[in-house]
Amino acid sequence: MAATWRILKQAMSGFLAHEALSRGAAIAFYVVTSLAPVLLIVVAIAGLVFGADAVRGSLVKELSGLFGQQGGELIQTMLARSSDKSSGAAASILGAVTVIITASGVFSEMQSGLNRAWEVKSPDQPWSSLIRTRAASLGLVAALGFLLMVSLAASTALAALGNYFGTHAAFALPLLSLLNTVVSIALFTALFAAIFKVLPDAPIAWRDVIVGGFVTAILFTIGKSLIGWYLGTTAASSGYGAAGALLLILLWAYYSAQILLFGAELTRAMAGPTPKPGDQQENGDGRSKPALLQLDDRDTWQPHRFM
């Protein structure tokens, strides 16, 4: 318990010291501006298996549960306008390039926030760093599409099992609901672990990002339910008219960004001090083993382990 409390204390101290509240606002802005391009790419990837219309409908239904009917309709309109193929070839190519650049913008802002959490700076190689960031961002967007495919497949299988067992056993529905939550946490763990591993300019061992991704996935699952409940039971957007749906999405993106950044601080607290590029080694168990660290005078981080 003492180690857990120290980790939480360090994570909260880092969260406040690294200005996560304002950085979360920047991430939320980029999420809103990049939402349509990211969803368009995700739908295109998942649509290779399930069909674009089916994926789009499932996605709108899921997001409507978070943002309400207004938010769902806004998402549907975004996807419809972004996928409009009535333009010519040149306009389509220009649109595709714009989609790729815009979709990677949110991950660039995430990288900045994660670098601040790990107290590292991007290498002094502007073009190579930019290319690396954009490539990593597109890889994460593709990973989102793959995870959506897995999620849709799991949801379809669980729905089929629910229809079968629903008439045979009363305990089946709660069990399937629990299984659905487990699958969701597993997918979020994979996503957050990939974000913590790929985006920061710091060498981090896979075991550390997997543990951090799992803890963040738990927090995100709980937070998603609380945020959905809050947005569904308050009149946060009632005074904004047609812009109310956009405000709900912005609020959700902001709260989600806070969870992401706090998860990064937890990951750093569990992993220990940040190794400099080239200094990282790994122990036999796959954990980060920093060497010759030069930390800021303000930095009081010490490695702590649960075991």
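Any Cβ shown, glycine's included, is placed from N, Cα and C.
Curation plays no part in TrEMBL annotations; they are all automatic predictions.
Feature list (source: TrEMBL):
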- 295-307: compositional bias 'Basic and acidic residues' (COMPBIAS)
- 272-307: region 'Disordered' (REGION)
- 27-50: transmembrane segment (TRANSMEM)
- 88-107: transmembrane segment (TRANSMEM)
- 138-165: transmembrane segment (TRANSMEM)
- 171-196: transmembrane segment (TRANSMEM)
- 208-231: transmembrane segment (TRANSMEM)
- 243-264: transmembrane segment (TRANSMEM)
Query raised in the report: Is the transmembrane segment (243-264) in contact with the transmembrane segment (27-50), using three or more Cβ pairs under 8 angstroms as the rule and ignoring pairs under 6 apart in sequence?
Result: yes
Report summary line: The answer for the transmembrane segment (171-196), taking Cβ pairs under 8 Å and residues 6+ beyond its ends, is 110, 114, 140, 143-144, 147, 150-151, 154-155, 158, 161-162, 165, 204, 206, 209-210, 212-214, 216-218, 220-221, 260, 263-264, 267
Query - Same-chain residues near the transmembrane segment (243-264), Cβ under 8 Å, at least 6 residues beyond its ends - result: 11-12, 15, 18, 20-21, 23-25, 27-29, 31-32, 35, 66-68, 70-71, 73-75, 110, 113-114, 117-118, 192, 195-196, 200, 212-213, 215-216, 219-220, 223-224, 227, 231, 236-237
Query raised in the report: So what's near the transmembrane segment (208-231) in sequence-distant terms, Cβ-Cβ under 8 Å and 6+ beyond its ends?
Result: 65-68, 181, 184-186, 188-197, 248, 251-252, 255-256, 259-260, 262-264, 266-268, 270-271, 287-288
